[in-house]
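As annotated by TrEMBL, active site, proton acceptor applies to ASP309. The substrate binding site annotation in TrEMBL covers ASN49, VAL50, ASP51, GLY79, LYS80, GLY81, ALA82, ASN83, GLU186, ASP309. Per TrEMBL, ATP binding site is recorded for ASN231, THR267, LEU268, GLY269, ALA270, ARG271, GLY272, GLY308, ASP309. What TrEMBL lists as K(+) binding site is ASP303, THR305, ALA342, VAL345, GLY347, SER351. The domain 'Carbohydrate kinase PfkB' feature in TrEMBL is assigned to 41-355. Feature annotation from TrEMBL assigns domain 'Xylose isomerase-like TIM barrel' to 428-674. Feature annotation from TrEMBL assigns signal peptide to 1-29.
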Amino acid sequence: MATWRVFTRTVYTAIAVIILIASPDVSFAAEQPSCGAPPPHIVVVGSVNVDLTVKVARPPALEETVTATDPRVSVAVGGKGANQAVAAARLVAGSRPVRFVGQFGGDSHASMLEQELVANGVDVSLSGRHPDLPSGTGLVMLSPGGEASSVVVGGANSAWPENDDELVSTMVRAARGAAVMLLQREVPDRVNLAAAAAAKAAGVPIVVDAGGVDAPIPAALLEAADYLCPNESELARLTRMPTSTDDEAVAAGLELVAQGAKRVLVTLGARGAMVIGATGVIARHDALPVPGGEVGKVGEVVDGTAAGDAFRAALAVAVAEGVDVVKDSRGLALAAAAGAHAVSVPGAVPSLPTRDEAENLIPEHRHLPAPALAATKACEETDAALRDDECPLRFGSRLNSMKERPDLWSGRERLDVLGMVRRLGEVEGIDLVDFNYPQHLDGRKPKAVTGALRAAGLAAGAVAVRFPASRFRAGAFTNPDPSVRAAAVDVVAGACAWARSLDASAGVIVWPQFDGYDYHLQVNYSDAWRRGVGAIRAALDRDECEGVKVSYEFKPTDPSSRFALVPSTAAALALVRDVNRPGRFGLTLDAGHLVAAGENPAQSAAMVADAGALFGFHLGDVHSKLAAEDGLAFGSVHAPGALELVFWLRASGYRGHAYFDTFPEAEDPTREAAYNVRAFKRMWSWAARLERDGIRDVLLNHDAMTSLEMQEGLIA
Ligand SMILES: *[C@@H]1O[C@H](CO)[C@@H](O)[C@H](O)[C@H]1NC(C)=O
Ligand SMILES: *[C@@H]1O[C@H](CO)[C@@H](O)[C@H](O)[C@H]1NC(C)=O
């Protein structure tokens, strides 16, 4: 009873912390109590300007002053990023959040810009404010014929955090859980590159508007874009090729594809738009009639400002709503309609259509389902997933456990590595095997291993690095001897090569068991940290590790180094931040290690998942004060703690594998592994029941007694 109470208190402190960290999402969720999670948002990263427009008879010549012909100064929101965010927000009509990540200045226009975006339903909470620079400013002089002469002042648009880590962390937060990311080229390339990397790592589709600075597109941005969207003149500029006929535009589009773009969506004004892929034109759409003409007639183009912004934002909305833009013409229809509406109204923001205004321009059969409906559907699906009892995770169990109690195995074969794989294959509910490297794999042929896996009905989970003590006793990544550090990098690269040839779904897990110390005044901590970060980066940059996820499994203490250099979840998150390879380098947490570190596994799982870095979880249970790491059956000692952990893995959308890192030294290891799987699945369905019964409200209210009573009801 006492343990239970202490445990619960820890948990509620933990949850309070998590709620503070995650407050933007939580507050949104709170407005929609019927839905477990908000529908995935649209994120626009880019510029925001204040456009100051005056009317003149003609722009002044050098050293000349002219008087405006109109006493008013028009003050309006501009900048491709802000325009596209507003366009997207009008088109989604409240069905999903739209987030704008930009930089406001420290001037008086900043609040006007911010208010205008917020009034249009755009969330600007991830945007920055530069204390010294003004907001980006467009100074426009409009001549009577509508010709504009302008000066653009970059202002805060050019002043993003100089610290790469800060920039990356903002982008990771912006991209997490997004349905699509929309970029343009009015902010520095490094901003777009950080945003695109974060989106890619989170599996978020990217639309890149090629408009903005007149400079070559960085290769990484070109390759990251799912849709690269130039208009005719931008396409010509980027390729230095003619684009005035459709054939020329196709040839130029193919040139961008040859340079690495996946798909090029070129807009050709009144000639419509086409999508060019590796095989040529893969989709096209005519321009839709401009509205505003007399009945039965077509209106005229009044002002092209922001038409491209409307088109691209609508494209992103279609992608967010799950439309395959190449195969389903309704996506390009929405974009064409948004563009047609925008050219019929003067100005930027005033010309951006609502969903209804755009839909009205589209022939009936090409309408997308109403966005509210789509959102409700997404909401219902998320809700259903959270209520679903069925656990979608795949399970693995410690291979070396299969060595134990050979007397109980009917296999009667030698329990070498492949024999252990066969024995594990007999366990009900186990799908995956994690191998230790080099121990389990060195000297074997990948074919022999994959053959044994197939015969046992299993697949490879992860390749787990175990540095041999002989070489790495004084540290692997942090060893003072650069040649030993290089050897550690080689070991990781070897593990990556195996992970690739076994197609290991969880990649490589590194437990750096020797990176620590035993005595005070033994180690220079700053230096060891710096070396460790450098060595991990060097490993990630090895060809063998390209495309392989690598995760770090911290353990606070071990006989091989009494005090680890990464002794806690917080330190491990700092390592992820410093290594700074989002999506490539993350953490595998281990429940036993977390308890040994005095932490609550559920809280750690939530925090690491929030950082987008939860690659894996090793499950088991421990009597915290007994052996160094007991490795007991899952949920056998800390039952409510295990339930809470499963709840948070489930709530955070964790889709890594569930791996039982246990040491059944006296039991039948196959019965123990099967028990673990059942225990986990049972907790999963209990977590689903807690969701159905409204545990989220209880958590929001820190309501201990209601929570305990709900848990009581599970066992009854
Ligand atoms: C293409 O877009 C840019 C703005 O990004 C604009 O200045 C230019 O006029 C557009 N070109 C055409 C042919 O519409
Ligand atoms: C630790 O190592 C760094 C070099 O990485 C050095 O600059 C610093 O002075 C050292 N600190 C101590 C206390 O030895």
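Here the Cβ of each residue, glycine as well, is placed from N, Cα and C on the backbone.
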Cβ-Cβ neighbours of ALA342 (K(+) binding site) (radius 10 Å):
32
Distant-in-sequence Cβ neighbours of ASP303 (K(+) binding site), under 8 Å, six or more positions away:
GLY146, VAL343, VAL345, PRO346, GLY347, SER351
GLU186 (substrate binding site) versus recorded positions ASN231, LEU268, ALA270, ASP309 - nearest by Cα:
ASP309
In the structure shown, with every protein chain counted, which of the recorded positions ASP51, GLU186, ASP309 has the densest set of Cβ atoms within 10 angstroms of its Cβ?
ASP309
Between the binding-site residues ALA82, LEU268, ALA270, VAL345, whose Cβ has more other Cβ atoms within 10 Å than any of the rest?
ALA82
Within 10 Å of the Cβ of GLY272 (ATP binding site), how many other Cβ atoms can you find? Include all protein chains, please.
17
Taking Cα atoms as reference points, which of the recorded positions ASN231, ALA270, GLY272, ASP309, ALA342 is nearest to ASN49 (substrate binding site)?
ASP309
Rounded to the nearest Å, what's the C-alpha distance separating LYS80 (substrate binding site) and THR305 (K(+) binding site)? Just drop the number here, would you?
10
For ALA270 (ATP binding site), identify the closest of the recorded positions ASP51, ALA82, ASP309, ALA342, judging by Cα separation.
ALA342
Could you check the binding-site residues ASN49, ASN231, THR305, SER351 and say which one's CB has the most other CB atoms within 10 Å?
ASN49
Counting Cβ atoms within 10 Å across all protein chains shown, which of the binding-site residues LYS80, GLY347 comes out on top?
LYS80
For a Cβ distance below 6 Å to any atom of ligand 1, name the binding-site residues from ALA82, GLU186, ASP303 that qualify, or say none.
none
In sequence order, the recorded positions (ALA82, ASN231, GLY272, ASP309) whose C-alpha falls within 10 A of ALA342 (K(+) binding site):
ASP309
Between the residue listed as 'active site, proton acceptor' and LEU268 (ATP binding site), how many Å separate their Cα atoms?
14
Expressed to the nearest Å, what is the distance separating ASN231 (ATP binding site) and THR305 (K(+) binding site) at their Cα atoms?
13
Using DSSP and collapsing to three states, where does ASP309 (active site, proton acceptor) fall: helix, strand or coil?
helix
